[in-house]
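*Asks:* Pasting a structure here, questions to come.
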Amino acid sequence: MGRCSGRCTLVGICCLQLAAALQRQIFDFLGYQWAPILANFLHIMVVILGILGTLHYRSRYLILYSIWLALWVAWNAFIICFYLEVGHFSQHRDLIMNFNTSMHRSWWMENGPGCLVTPVRGPPLSLADHHMVTVTGCLLDYPYIEALSSALQIFLALFGFVYACYVSKVFMDEEDSFDFIGSYDSYGYQAPMKTSHLQLQPLYKPG
């Protein structure tokens, strides 16, 4: 019963991670954030692998899923520090998230709750991708939205890591017990002796 509840809980956590990652992937696509897009794609693949490992009793899949979650927590911690400019991180210094391919930063920058976007006239030779706008009236600035999204990812990843370790441990214990029982039976098994119903009688040679 405990194993079943652990498996069901882990599948539920993986489904929440999958939904959160897909939602995040959509907005990163809209904002041309190529580095998060690649990371989200890998995360979605590994989460699906974790679901398959849970349903099909594959402890190795869950171990790989747990290792990835540790990397996923580190990546999201970096995103939080990047957008909140913690330490030496600065979002205005290097366009890391889009590999410096455009001036886009985050979809939430111009589409956040309550944001009013006002176009600013730029140089006549400026490219369309480098348009200038002013954003005012936002109820929550986009760095905080991105940080909250990463915090949610970390929260789900921590729960997934704990349950993945627990379920994989249960799976490995069961595999060891099955191996032990199988080896014990193989040594203790003896083939039944076939009994013959023929009666042997002595032969007498005539004198």
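Every residue, even glycine, has its Cβ placed from backbone N, Cα and C.
The N-linked glycosylation site annotation in Swiss-Prot covers Asn100 and rests on sequence analysis. Under the heading transmembrane segment, Swiss-Prot lists 2-22, 35-55, 62-82, 147-167.
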*Asks:* Count the other Cβ atoms sitting within 10 Å of the Cβ of Asn100 (N-linked glycosylation site), across every protein chain shown.
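*Replies:* Excluding its own Cβ, Asn100 (N-linked glycosylation site) sees 10 Cβ atoms within 10 Å.
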*Asks:* Return the stretch with the most CB pairs under 8 A relative to the transmembrane segment (62-82), choosing among 2-22, 35-55, 147-167.
*Replies:* 147-167
*Asks:* Taking DSSP three-state, what's the residue listed as 'N-linked glycosylation site' in: helix, strand or coil?
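*Replies:* DSSP call for the residue listed as 'N-linked glycosylation site': coil, neither helix nor strand.
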